[in-house]
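Trainee: Once you've had a glance at the structure underneath, I'll fire off some questions.
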Amino acid sequence: MGKGGNLTEGVVKKILLSYTYVAIWIFLSFTVIVYNKYILDRKLYNWPYPISLTIIHMAFCSSLAYLLVRVFKVVEPVTMTMDLYCKSVVPIGLLYAFSLWLSNSAYIYLSVSFIQMLKALMPVAVYSIGVMFKKDTFKSDTMGNMVSISIGVAIAAYGEAKFDTWGVMLQLGAVAFEATRLVMIQILLTSKGITFNPITSLYYVAPCCLVFLFIPWIFVEYPLLKDTSSFHFDWVIFGTNSFCAFALNLAVFLLVGKTSALTMNVAGVVKDWLLIAFSWSVIKDTVTPVNLVGYGLAFLGVAYYNHAKLQALKANEAQKKASQTADEEAGRLLEEREGENGAKKNESQG
């Protein structure tokens with residue numbers, strides 16, 4: 001029992017640790033979304049300046065990432081030339097700036113629950129852009145799955161009680177920019193053997209994202225803030241909000257590093273349903289039966305897509321193992337033959 005008991009205890013400990021990482025990520029992701037909604041919504045904190053809020057986040061994250069990489073040396077920086085930075089990281093920073101700007105802007109016009117429903121289109125956008133840039137192959141069954149997700153989101157949008165066209169356009173734009181960013185990471189970084197974890201990603205991407213956000217801020221929000229003489233910077237609100245945003249990146253680092261990206265996708269689905277329930281019960285957003293039917297259909301499509309990805313990963317791993325085993329077997333046979341030939345040669349000489 002001793003050895004078996006220790007093994008079981010180790011497995012249980014690993015499972016509990018995985019669930020703890022998932023719970024931390026869900027809590028922080030949940031907190032950041034609701035906190036951003038609270039700050040930006042005109043009926044709540046009433047500070048409708050999404051670019052300014054994103055700039056505060058990026059400045060805070062850039063500073064902390066610099067301390068963790070350069071001062072405390074928690075993670076090692078990636079080898080990066082200026083040419084590679086300008087050609088690979090800067091375009092990703094530009095896309096990230098637009099994605100954050102538009103997604104935060106959507107909170108002013110749409111409910112938290114409806115935004116989560118629209119975010120279900122992310123796999124559709126990533127797959128479509130991946131096919132466009134030839135990073136993914138077109139498959140009719142996968143495209144059929146994407147169509148089912150789109151129909152589900154369209155039904156959810158049709159049933160939305162407080163539909164706002166401008167808000168929907170902002171959120172769809174955010175999804176498009178984020179999907180393009182994810183595909184560009186594969187093209188500009190992963191294909192060159194460069195991988196970022198969430199901390200090094202912030203260290204390299206957040207500063208140029210900050211610069212790109214600063215340009216529209218000067219023309220769009222700075223004049224409005226200048227005229228709002230009653231505004232004073234609330235260090236508690238914006239400090240805790242920025243810390244939560246940074247902590248979320250660390251939670252992603254832990255979750256993906258200790259479990260897998262697929263675990264995060266599954267946890268993301270749980271988080272979305274919790275947010276919809278919270279939005280309906282606490283914030284008192286209207287969630288209609290048509291909303292739920294539409295999102296339920298989209299949810300099934302996303303779940304099937306994640307399942308198909310998992311099966312494809314398993315098949316690739318099995319193929320790699322089979323190839324490795326065949327190579328090892330071939331090497332062993334070659335060694336045996338060489339040994340036999342050597343023995344025969346010695347016998348003939350004797």
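Heads up, residue numbers simply count up from 1 along the chain you see.
Cβ atoms here come from the backbone N, Cα and C positions, even for glycine.
Pasting the relevant annotations from TrEMBL:
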{"type": "COMPBIAS", "residues": "329-350", "note": "compositional bias 'Basic and acidic residues'"}
{"type": "DOMAIN", "residues": "20-306", "note": "domain 'Sugar phosphate transporter'"}
{"type": "REGION", "residues": "321-350", "note": "region 'Disordered'"}
{"type": "TRANSMEM", "residues": "16-35", "note": "transmembrane segment"}
{"type": "TRANSMEM", "residues": "47-72", "note": "transmembrane segment"}
{"type": "TRANSMEM", "residues": "84-102", "note": "transmembrane segment"}
{"type": "TRANSMEM", "residues": "142-159", "note": "transmembrane segment"}
{"type": "TRANSMEM", "residues": "165-189", "note": "transmembrane segment"}
{"type": "TRANSMEM", "residues": "201-220", "note": "transmembrane segment"}
{"type": "TRANSMEM", "residues": "235-255", "note": "transmembrane segment"}
Trainee: Counting CB pairs under 8 Å, which listed stretch among 16-35, 142-159, 201-220, 235-255 touches the transmembrane segment (84-102) the most?
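Mentor: Against the transmembrane segment (84-102), the leading stretch is 201-220.
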Trainee: Which stretch from 16-35, 47-72, 142-159, 165-189, 235-255 shares the most C-beta pairs under 8 Å with the transmembrane segment (201-220)?
Mentor: 47-72
